[in-house]
């Protein structure tokens, strides 16, 4: 899920480091949180909306976005096939 | 005077430009000369935009000559016209390479300005370049940058702090007039403390984050790093406010509404002084500073001992919530639409290889911790639990702010540490944020102002934490602390 390529040496190193961190955060279990609400955000704002209007992308910005494509064919973004024959 | 132009504050530079004592080109050249002299040693910049800066400075000078940009009330004046600044590399700036200090974005040139930067540039400020930082803001030492660590201008063997080490070093070393940075869990305040400059983390929701490379969306803030508190206030007035592109922004702009801070009740939370690993010299310097504020003649400040018992849980909460949100936010960096794409035969390998070579170790650690903490079966035990403890930390602050108006604490338990000293000890590194984490988790405004120096000459910062959206109080009080000796 993390989509990271790791070699065996890295796997061992991260496994050790992550265990230390996960052991450390265990200390939260000391805290009684029965009946406590979760905090997802701190602003108290609710139902923040904006008008649903399409904004045109200026041509020079469009050009810059396309300029950042790692691989392209004309103005199209080139990517590897999503489906392969084997799967 | 021209040799010292780079040392000016925003207010001083503004006054000088207004009186035509010097031009923006002269001011910009002074900063660029300092960068040229010092950057190879300090490594505070990943990208320097020399040509662009001189071009923008010329335009500013023309405007000063032809129009009257400095007329009218302060809110209408172009306070920043012609003033050179720099920006943390994890904030997007149109036309300037913005890597976030990670190789996966080594070639990325944003087509747009982050809202905060747009507001600064609309004032006519001159962009000098992009500051080095821990990749995507991950870390308190700037050693997680894929472009090398930033060195502390006060001692080249020490870190500049993180994640905004480059911004702090650039301001401290007078390579710029100010820098715009980002604070998720201490990234502005801790390096400000290590480098002896002023750094403000605004209340969550005060400034728009649109255009910053998002780290932990429920904590991220954009704030100023400056030479004086006055300058931080100038920048906050310009950056604050509602932005349609960041739904968490609040409209209220009362940065300077407080008139007097007489008879203020100031809380000193004991947990911040009894922490394990607290450096004795730092403790002494901060206590002395607090004493000097207390005895300040005209203020009638009342110091009150208070307790914030949840303090020690802020870091474990932080290191669940932040990596979780990090892992989700960093999903966008996959080498597909922008950035550096690794060669591979199939799509999955393009993702996995691009991320393997494009991210430093700390970014990978956070992605793995976060993915784990959010996965089915672990979500309740980690993320939800952390969010509940977060509520208790907020309640802790709310309770204390019924007794006092403002809080004073150290910024860091120790002064700048040696480069490489904590690099292999992940937990020790995380614990460096022990005093800056709580205010971040609670979404409160907090500032670091210089409190003094250790015998070895390293700066130590004093942290002032205020109630939510009380930047006015924090800034006004900080300006008093700045003056006391």
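Placement of Cβ uses the backbone N, Cα and C atoms for every residue, glycine included.
Here TrEMBL flags B:26-475 as domain 'Amidase'.
Residues or ranges marked as active site, charge relay system by TrEMBL: B:88 (among others). Around residue B:88 (active site, charge relay system), the C-beta neighbours below 8 angstroms that are at least 6 residues distant in the chain are B:130, B:131, B:133, B:137, B:163, B:164, B:166, B:167, B:179, B:180, B:181, B:182. Under DSSP, residue B:88 (active site, charge relay system) is assigned to a strand (E or B) in the three-state scheme.
Residues or ranges marked as active site, charge relay system by TrEMBL: B:163 (among others). Other Cβ atoms within 10 Å of the Cβ of residue B:163 (active site, charge relay system), summed over all protein chains shown, number 37.
Around the Cβ of residue B:187 (active site, acyl-ester intermediate), the same chain contributes B:133, B:134, B:137, B:140, B:162, B:163, B:164, B:181, each under 8 angstroms and 6 or more positions distant in sequence. Residues annotated as active site, acyl-ester intermediate in TrEMBL: B:187.
DSSP assigns residue B:163 (active site, charge relay system) to coil, not to a helix or a strand.
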